[in-house]
Amino acid sequence: MNLTALKNIPVSELIFLGDNAGLENLARMRKQDIIFSILKQHAKSGEDIFGDGVLEILQDGFGFLRSSDSSYLAGPDDIYVSPSQIRRFNLRTGDTISGKIRPPKEGERYFALLKVNKVNYDKPENARSKILFENLTPLHANSRLRMERGNGSTEDLTARVLDLASPIGRGQRGLIVAPPKAGKTMLLQNIAQSIAYNHPDCVLMVLLIDERPEEVTEMRRLVKGEVVASTFDEPSSRHVQVSEMVIEKAKRLVEHKKDVIILLDSITRLARAYNTVVPASGKVLTGGVDANALHRPKRFFGAARNVEEGGSLTIIATALIDTGSKMDEVIYEEFKGTGNMELPLSRKIAEKRVFPAIDYNRSGTRKEELLTKSDELQKMWILRKIIHPMSEIDAMEFLINKLAMTKTNNEFFDMMKRS
């Protein structure tokens, strides 16, 4: 019996399974409690149980394997990991662990890890010799992440504009600057779908902080990847815990030479959460931001890097502007120069219902010559010269109309050459 397999089953089927196993009153329980009861029943019959999760080490030295299905929220189906196992395998918060588990004994509340089979999808012996993330050498992004799918659909137009306006590479630290209702969520969904389609080798994680519950459900259904969320009805401490778990998991995977991509919506709300949680230093910036509050969200965003030893961590985050809040403006100003790719969205374009509402002239990537071939780069620069005199609305309408005539950007450049 596998714990992860049970978590993927809908609640109605779990209740049916529980009824067959002779369990009662399951309909009134939370999903995690139902899973706990079913596993306990199977364990009594002597069946082997396996489970996995992401390790969170607490201050007392022991830890728990949390599940991404419940967005790393503590629950009855968490798996206890003893301090001796943590020391033996040199485990750290964020390690993805799978292994054999046992049911709780008399007086215990949680399932416990008996045997570690894999650490970060690798043998436990290999995990011990990994170089710490902080000791890895950061480089400029030099391997392109293409967004274009080449199927000629209207959704692909967004990806193609993105490829032209600001190319994304493995290890990019990108900021999508978005006013309200400019289509940032749609843009993130497009990026997520393009990555899943073109780069299935990358580990994709979508982190939604302070979002609406219905948007979380929509994102989970659309994105082939891990969607971790903390909705607006959760406390700030929960937003912080979720983001820490996601970034620690990403760092551990990069240590194992994996390419990880985090799409964060939004870094402004994350910074607000840290501002609430961090102890008051007495120094307050404009808009009510504590002087120490932005250190940890900057550390989150600054973790994005291309690594010389292999692997990369890409973070594409949205920053909110024009919300009427002075605090949001201060947070944006603090993050403004930290990224190496910027993609401003325009409210004017979105109000005319032209999507994607990208401000083409103001968007761009640093060191884009490392990501694009020289001939393609020349064509992109010529396109910028053509578009530069136009207003932001005219530029976007012109570009979308021309791109709609072709299926791929190469065809578009050929058409440009002929005309």
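Numbers run from 1 along the shown chain.
Note that Cβ sites are derived from N, Cα and C of the backbone, with glycine treated the same way.
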Recorded ATP site member, picked from Arg212, Arg220, Arg221, that accompanies Gly169, Arg170, Gly171, Gln172, Arg173, Gly174, Lys181, Ala182, Gly183, Lys184, Thr185, Met186 in Swiss-Prot: Arg212
Of the residue ranges 61-66, 193-198, 199-204, 331-336, the one that Swiss-Prot records as region 'RNA-binding 1': 61-66
Feature region 'RNA-binding 2' in Swiss-Prot, mapped to one of the ranges 39-43, 264-268, 284-288, 389-393: 284-288
For the region 'RNA-binding 1' (61-66), distant same-chain residues with Cβ under 8 A (at least six beyond the ends): 51-55, 72-74, 78-83, 86, 91, 93, 97, 110, 113, 245
Sequence-distant neighbours of Gly169 (ATP binding site) in its chain (C-beta under 8 A, six or more apart): Ala141, Asn142, Ser143, Arg144, Leu145, Asn306, Thr314, Thr365, Leu370, Leu371
Residues in the region 'RNA-binding 1' (61-66) grouped by DSSP into helix, strand and remaining coil: 0 helix, 4 strand, 2 coil
Binding-site residues (Gly171, Gly183), the one with most neighbouring Cβ atoms at 10 Å: Gly171
